[in-house]
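J.: Let me give you the structure first, and then I'll get to my questions.
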């Protein structure tokens, strides 16, 4: 979260100091933000299948520290003194070296934050489970970096061996079913291979996606013990059913992409709108970081209010929440469009169209509602994605269901770059002028916001359709209700 707060204002830095065009700067931020949410899937699999959480946590710590250090070195006052160039925060002071350092720093912080979000929680859980309390309490209070490095180098507790990744199970089922594609399924499904494991939830056979059942077909011409050793050719019914649940959830996850597209506005175009408005509150001036505080405050407030209101709905809470979050997203886009139309009107009436660095005589707090509504979308979405994972995922895949929900959200953030490019190209073909220009005053973000509001409405209809056909498992609401209360108290939700 610390690195995220530091980088939240990066959009302003890129447009003011680097003087990048609006779309270019937004693309950098959205690719970075999206990758932070997509990459945890890879690092979780890497930790569970090969390296273990402690190694990945150490890697995340080093990557984050080096990345932030490179970003610091890329600033003109720091690097300028070393190479003898100018040291002012101006575009002429930004050279090739600064750009290379910043891009490398952003990439490393992205990798570090992604690997930390994937593995730090399981790593801490392992330490609590495997260590005596009297030799751990003091270590937990040490700063994060020291805890990471000391935890691995000094032999902090035990180092559990990786137990395997559920994604490997999915790959095994797909591979085995493909290899046996010409085999005939038995009429009696009880003849399929199954071996109970007391550590895992036993799943009954279902008829959907029957082609995957072939992964559990026992070859009668070979000894069973020999087949059990080749795990990529013979899978248990439970493993097949876990794969089926995962595949059936993909259409739902795909509707989550649009949440990320809307969320991408907060650290890019919303901030760009805010930086040229009047920040005065009496004799004081409101800093842009204040909007991060408002966003975070209302994100938590909306999430807590939603949880307290709809907890009585039980296992319907995630489904209701996804609809509510999408409504928040649509309202945020509509509000942003109306505010931007007003801002452009003032810009035109005061002759500021060709003066992008001039302050617009309009209070910055006109933007507060769109930030607040976007906070509601992000908070409720994360809560409901978490609840859905605990309620519907197989026991072995709960963590990965949550990571995939965040990953598709991140794909939406990264996908917003392509949408902006396509919208700009199509608008230029249709009207002769693109909605996106080098500066905010020349652009038509209000039209873009209206388009997003319309697309959110369409996505809501698609979500309702997909959700109505989705095959839900029996709810485990009583089991995850207490876990949800813990989730509500955590800082990073």
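Glycine is treated like the rest: Cβ placed from N, Cα and C.
Summarising the annotation, TrEMBL assigns transmembrane segment to 22-43, 55-73, 250-271, 364-388, 400-427, 447-466.
Help me picture where these features are in the structure shown.
T.: Outside the transmembrane segment (22-43) by six or more residues, the chain places 4, 7, 10-11, 14-15, 56, 60, 106, 109-111, 113-115, 117-119, 167, 260, 264, 267-269, 272, 400, 403-404, 406-407, 409-417, 420-421, 424, 436-440, 443 with a CB less than 8 A from a CB of the stretch.
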J.: Counting CB pairs under 8 Å, which listed stretch among 55-73, 250-271, 447-466 touches the transmembrane segment (400-427) the most?
T.: 250-271
J.: At a C-beta cut-off of under 8 Å, are there same-chain residues at least 6 beyond the transmembrane segment (250-271) that contact it? List them, or none.
T.: 8-12, 22, 25-26, 29-30, 33-34, 37, 288, 291, 295, 322, 325-326, 329, 332-333, 336, 367, 370-371, 374, 377-378, 381, 385, 404-405, 408-416, 419, 445, 448, 452, 455-456, 459, 462-463, 466-467, 470
J.: Do any residues of this chain, six or more beyond the ends of the transmembrane segment (364-388), have a C-beta under 8 angstroms from a C-beta of it, and if so which?
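T.: Residues 256, 259, 262-263, 265-266, 270, 273-274, 277-279, 281, 286, 291, 294-300, 302-303, 306-307, 317-319, 321-322, 324-326, 328-329, 331-333, 335-336, 339, 342-343, 401-402, 405-406, 409, 480, 484, 487-488, 493 contact the transmembrane segment (364-388) from elsewhere in the chain.
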J.: Same chain, outside the transmembrane segment (447-466) by at least 6, Cβ under 8 Å from its Cβ: which residues?
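T.: Cβ under 8 Å, 6 or more out: 251-252, 255, 258, 261-262, 265, 269, 322-323, 326-327, 329-330, 333-334, 336-337, 340, 420, 423, 427, 435-436.
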